[in-house]
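> Have a look at this one before I ask anything.
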């Protein structure tokens with residue numbers, strides 16, 4: 001579909017056609033990178049750069065797509081290991097690579113590797129039976145968080161339980177889902193707030209960290225991000241950056257890595273989740289940092305020098321548009337929203353509104369945190385009923 | 001080529017596939033606007049959004065293209081008046097419209113209209129004969145600037161002369177070129193520097209102005225832009241904004257309007273040229289202003305509320321990449337350029353290097369003008385031999 005975009009340019013192939021692939025397109029156009037997307041279906045968010053529609057779990061489809069690009073990267077972490085290994089065996093540069101992605105694909109593997117790296121994580125265990133799970137719950141004050149090792153996102157596959165019986169059906173299915181017949185159980189962390197540390201690492205080793213951010217989740221879905229995280233300067237920011245850089249280097253991550261963190265009531269930092277790709281917690285950087293995460297991801301996977309990650313303003317606040325209007329589209333609300341909020345940046349993912357679906361975000365920046373939070377929330381409210 | 005990009009989105013058609021159309025694409029993607037481009041040829045700068053390749057001087061081709069969009073706008077000002085009128089007659093919203101574009105298409109008409117609006121312009125005359133031109137030269141200290149009314153850009157069609165004989169061949173051809181058999185002659189302005197005032201106006205009347213900028217031309221081609229223009233705060237900035245807003249309103253311009261100005265040695269402002277589209281003097285705004293000119297142009301032609309035009313940093317400096325490397329491409333120089341200049345933003349137009357050709361630009365921002373100028377020039381130098 002899209003013609004060659006970039007004379008003598010480099011070609012980056014993105015597997016997956018969602019909004020993360022979409023938001024790589026503007027950065028690719030500015031840099032003169034020829035971005036090609038293997039989309040799951042027609043009409044997806046990244047359709048303008050979608051060269052091909054096909055099944056990312058099919059090795060032949062992915063190999064054929066990869067033949068036309070210089071490096072393969074991802075909109076999501078769901079490409080199966082055998083497909084990833086086939087790409088590597090065929091000599092295709094894949095960033096992040098299969099070994100790193102394996103850690104993001106399986107929460108049990110993630111907990112094992114983070115523990116091996118000596119990083120702070122919640123108490124956790126691999127449980128294969130109801131009895132094991134009930135033991136863990138009993139040892140942790142009668143409550144725990146159970147997670148399916150694979151396939152969860154935005155709160156799916158995560159459940160707070162007081163009895164193993166509450167996830168009985170998960171035990172019934174784990175044998176089939178590639179999770180090696182086990183669930184992950186973790187202590188329910190008494191956290192003060194959630195933070196996220198975004199870093200980028202290129203294959204030749206350079207790694208950079210953006211400012212630590214605070215994330216607000218509603219129902220397991222990111223709702224709002226404040227950059228930098230208030231009251232985080234100094235030790236907290238240093239520890240978070242160290243943790244994320246240790247993970248990026250320890251796991252050999254290439255591209256953007258997001259590390260979701262808990263700040264506990266007793267002022268510790270614990271690693272919650274990892275995402276080995278541009279991440280919702282980093283959308284603020286498109287408007288709020290010298291280098292946005294999508295530009296940085298392209299630079300990183302191409303092994304180009306990384307850009308400066310400082311904030312352009314004292315504060316940036318990103319608010320997700322979740323669901324959107326009950327009737328019509330985001331653009332129907334522009335006349336009202338843009339008139340009231342001339343400084344806010346609106347990002348529209350080109351997706352049809354649907355309850356709970358991430359269909360866009362808005363970012364405000366400035367030097368007065370209260371005003372910036374107000375601007376971002378008020379603008380986003382125009383897009384919700 | 002490009003699939004529908006934007007669910008229930010609005011569709012903007014751009015006539016012309018050069019770098020201005022290309023730089024509208026990232027803004028369109030962020031806003032969820034479905035941008036379609038009618039390109040002059042395959043493989044042009046805006047190819048990723050080029051739905052169609054065709055002749056913009058052919059009414060049927062343009063009408064067919066326009067049927068698929070909600071509004072038509074332009075990468076350049078060269079669409080013939082009869083084609084523009086046919087669009088309007090067919091009920092297509094065209095921004096800027098034919099009456100405004102006519103003023104940008106013909107420098108004699110432009111001088112007439114600006115004079116009617118009472119705006120400060122160099123002494124000028126319409127000359128049809130060698131004798132008339134020699135008279136004007138004699139009346140203006142023995143030197144004058146002669147311009148062909150149509151078709152000039154980047155210094156082409158402009159000549160400083162001391163005798164009408166120096167443009168004898170222009171007199172021989174003006175009868176054929178649609179310029180109504182006349183040339184434009186202007187006094188050679190004793191200017192201290194060149195400035196440019198960028199504004200945007202939407203059909204329903206709202207108009208906004210960016211900070212006044214200083215432009216540096218080399219051989220008639222823009223080389224560098226400093227935003228805001230040093231030592232321009234106060235009267236100079238106010239006068240320039242007033243002039244540009246008067247032009248936008250007086251001529252009914254819709255979309256972005258760039259007004260190129262002379263600051264004379266005796267501290268007057270004179271209007272040099274107009275461009276009714278995003279303009280090289282406004283490229284800094286992509287990285288340096290809250291609202292970049294390409295986003296603003298889309299908002300304006302869609303009659304959406306306009307974005308804030310303030311500078312994000314004290315200073316922004318844009319340097320054009322003219323010509324580019326003798327061998328290879330811009331991307332070949334990224335490893336060196338980006339390593340040395342992690343805060344600079346590089347914009348690559350996806351065009352093959354060729355002597356004198358605008359193939360990209362770089363922008364630096366910050367609070368120390370000398371440092372910002374150094375950064376932008378030093379980064380751009382990596383892309384030139």
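Each Cβ is built from the backbone N, Cα and C atoms, and glycine gets one as well.
Got these off TrEMBL a minute ago, pasting:
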BINDING   B:107, B:147, B:186, B:187, B:188, B:189, B:194, B:272, B:273  ATP binding site
DOMAIN    B:111-302  domain 'ATP-grasp'
> Return the residues near residue B:194 (ATP binding site), defined as same-chain residues 6+ apart in sequence whose C-beta is under 8 angstroms from its C-beta, sorted by sequence, else 'none'.
B:214, B:215, B:216, B:217, B:260, B:261, B:262, B:263, B:272
> Counting other Cβ atoms within 10 Å of each Cβ, which of the binding-site residues B:186, B:273 scores lowest?
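Among the binding-site residues B:186, B:273, the lowest count of other Cβ atoms within 10 Å belongs to B:273.
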> State, in Å as a whole number, the widest CA to CA span among the ATP-binding residues B:107, B:147, B:186, B:187, B:188, B:189, B:194, B:272, B:273 given in the record.
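Value for the max Cα separation, rounded to a whole number: 18 Å.
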> Among the binding-site residues listed here (B:107, B:188), identify the one with the smallest other-Cβ count within 10 Å.
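Ranked by other Cβ atoms within 10 Å, the binding-site residues B:107, B:188 bottom out at B:188.
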